[in-house]
């Protein structure tokens, strides 16, 4: 936090005046002409000297052009009464071990991206700017068609996760402006939005430029030296693989942010983790951002009371370009099952699957929601299905089980059905038959567990959470703090904090850890 910028009249400069005496009456007028002039000169000199103590020299801000020093706080919160850094509580308060320090990055790394949102594209949409409003939640949904609650539903873009998380962090109750108290350091770089500007038609030098500039800035900050960056973390609304380009071939996808030597010391939270141990998955943002516990409870009760018309549902489009995709088989079986399966066709030109009214209308009427991998392992749809109380059915462990360890139960059979498909050529699953086999008692238990998970996978209003409730943000912060503490404990014991920190673990995406057959009873 920058020191207060005092005006000349506000600066706490104290001048003590004395009484001058003279025995020369003839010089009296001259003396009293000189004395005021002397004091005026002293005052001016003191002002210039003292003002140096109050120059805008934020210890977290490296010497950079003035344009990058623009304060970002007002860009991320609409609450004029909010104090970015509350008074640090006493060391024995509930914030002990939970303090987080937020770097005030140069403006080009976050706020400037929002100011120039028209330069960012989703690939399927020309204008991402409307999604920035309302803390990054996007426009309020007004035509809820008696499907959604009358409030707290928004048209949310998954790429806005970094903006949503930043707004939530600004309102985190255990912020500190004293980095020596902090257990973790948050780096509010909008990595996904930055890279989205350069994914198509730009060379790797341009794609990697912001990553290099960020790391150059971070490593000279005093906070970096404490743990060589291993207590630092950032968040992205893109999958972690987008930041792990493994070659310098111009045709390769993404940036090399996570392969830069300094960046390997940091952790990244994103909608999908990679094979590296310092990448962690947190939920995709859904379109429900409740303002209170009462709203969550109301929604949960609505989902419990639903009479579900369809046995299973699939919302998506075929992926014929991916030879290993199971989607074609799933769509075929859904069409064969007629009234027992509902197909929400999300192919271009069909139903708008970004509209939560369309998605929730189907999911809330289905017992099971099929969740095959999409363009990558994970799908936002799985969190929409949880939100609707629809039991997710997974075909690959990388879609959920290897991902959201802080948010979903370790016992994956308690909330989902697993039908592993290692090779689509060997597809021998009859989805309808497998789902019908599950006893009604177990279906009820599964649905109840899914509904119980709803508070853990939503990003609530930034003011929400002060009552001790844990939403997706709170659980992500808790998980990150625990991981950093593990590294810190290693260092206390004289061990190398880098040992295993950024190792690669491809095993977690294989079927082997999850090969035990599920008990359907």
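Just so you know, the numbers here start at 1 and follow the chain as drawn.
Placement of Cβ uses the backbone N, Cα and C atoms for every residue, glycine included.
A quick note: this is a predicted structure, and the numbers were derived from the prediction, not measured.
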Candidate ranges 31-51, 52-72 [criterion: Swiss-Prot lists as transmembrane segment]: 31-51
Where Swiss-Prot places region 'Disordered' among the ranges 462-491, 492-521: 492-521
When distances run from the Cα of residue 203 (N-linked glycosylation site) to each of the glycosylation sites 177, 249, 265, the nearest one: 249
Using Cα positions only, nearest of the glycosylation sites to residue 177 (N-linked glycosylation site) (249, 265, 411): 265
Integer Å distance between the CA atoms belonging to residue 249 (N-linked glycosylation site) and residue 265 (N-linked glycosylation site): 25
Most Cβ neighbours inside 10 Å, all chains, among the glycosylation sites 177, 249, 265, 411: 265
DSSP three-state assignment (helix, strand or coil) for residue 265 (N-linked glycosylation site): helix
Alpha-carbon spacing, residue 411 (N-linked glycosylation site) to residue 249 (N-linked glycosylation site), which is rounded to whole Å: 41
